[in-house]
Amino acid sequence: MNIDGIPTRTLRAHPDRRAIDIIDQTRLPHALHWVRVATLEEAAHAIRAMQVRGAPLIGATAAYGLAIALDFEASDRRLAEAVALLGATRPTAVNLHWALARMENILRPLAPEARCDAAWAEAAAIAEEDVAQNAAIGQHGLKLWNDLIVADGQTLNIMTHCNAGWLATVDWGTALSPVYAAHDAGVPVHVWVSETRPRNQGLLTAWELEQHGVPHTLIADNAAGLLMRNGKVDAVIVGADRIAANGDVANKVGTYLKALACADNGIPFYVAAPRSTLDFACPEGASIPIEERDGDEFRLVHGLDSRGVPSALRQLPAGEDVANPAFDVTPNWLVKAIITERGVCPASRDGLLALYPEEARG
């Protein structure tokens, strides 16, 4: 996608294959800052601190982090330590574990001296596959938008939650890929952007939509139901951090409430995700671990002060107890359809297996 009109991806590997550069998303939308990741520990920190976030981008970053780790030492012990460290950073995002398992399955049988080159090649393949899959999701989603248009020149009002755009992937995004596809095809589209407290990832969505020229409006999370009730929303689309085998969806906390509001107002609720987000080994949403993050994300508000200096302000009295779950689970019956790189399917085991019959072996 574009930043100031320049095609840009969220991460880039150095030609010497010793490091990667990532966008520090904790500094957006106020500053675009690139960070060099040159050690295993830096890669783990980038994922844990949400300098990179979004399940597909987490997976790609972890793959490169493993390649970086093997630059220093490629022994069996180093491989196991790197997989364990990276795998513990974000428990809900299944793309992380998918990418690490894929890397380890390829690297483990190789002699240590062959692992470094193979690791960098496989990490690059994971990144390129992510771009292609997300572009395909966009085209499948565009067909759904066309079905919603009932009058020439009608503006489609799409609501989203959190950030599942290109900042959450290597490029294109998942939930926003159909939005970009529609905009680029000349379909009038407007996006209601939910702020997504407490980390306000909706600001990232608004920032990237602005970069691409897509009309949008930022809203408070609690305004979503009112907009639906007043007929101002044609569809809701979100990404996912993990989709269970039965079609239950783990996504940013607050997703479940939007799905409930959609059901009450007859609005289709779509989930967009690539194969790497599908966890066929997880039978249902109740089996998905829910990450609990530091309460200071809730206690503190980050922004720029009157001088334009980044600042953090405490909004709660000292010692106030808070709960800060990062995700919730939306049951499959609230999901109109799941959009993947292979097509659109019902949110059910049968629906997913129709697109991925090779998984029926399990």
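Positions of Cβ are set from backbone N, Cα and C atoms, glycine also.
Listed features, source Swiss-Prot:
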type     : residues                             : note
BINDING  : R53, G54, A55, R90, Q201, N251, K252 : substrate binding site
SITE     : C162                                 : site 'Transition state stabilizer'
ACT_SITE : D241                                 : active site, proton donor
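Counting only same-chain residues at least 6 apart in sequence, those with a Cβ under 8 Å from the Cβ of R53 (substrate binding site) are Q25, I47, N163, L167, A168, Q201. Sitting within 8 Å of the Cβ centre of R53, G54, A55, R90, Q201, N251, K252, and not among those site residues for substrate, are the Cβ atoms of I58, A93, C162, N163, A164, A168, G239, D241, A326, F327. R90 (substrate binding site) sits 17 Å from C162 (site 'Transition state stabilizer'), taking the CA atoms of both as reference points. D241 (active site, proton donor) is 7 Å away from G54 (substrate binding site) when you measure Cα to Cα. Taking only the Cα positions, the spacing between K252 (substrate binding site) and C162 (site 'Transition state stabilizer') is 6 angstrom. C162 (site 'Transition state stabilizer') falls within neither a helix nor a strand when secondary structure is assigned with DSSP, and so counts as coil. If you measure from the Cα atom of the residue listed as 'active site, proton donor' to that of N251 (substrate binding site), you get 5 Å.
On a Cα basis, C162 (site 'Transition state stabilizer') lies 9 Å away from N251 (substrate binding site). A gap of 12 Å separates the Cα atoms of A55 (substrate binding site) and C162 (site 'Transition state stabilizer'). Of all the binding-site residues listed (Q201, N251), Q201 has the fewest other CB atoms within 10 A of its CB. Around the Cβ of G54 (substrate binding site), the number of neighbouring Cβ atoms within 10 Å comes to 30. Under DSSP, D241 (active site, proton donor) is assigned to coil, being neither helix nor strand in the three-state scheme. For the recorded site, Q201 (substrate binding site), the DSSP three-state label reads coil. Taking a C-beta cut-off of under 8 Å and a sequence gap of six or more, C162 (site 'Transition state stabilizer') has these contacts in its own chain: S194, T196, Q201, G202, T205, V238, G239, N251, K252, G254, T255. Here the Cβ of R90 (substrate binding site) has 23 other Cβ atoms within 10 Å, regardless of which shown protein chain they belong to.
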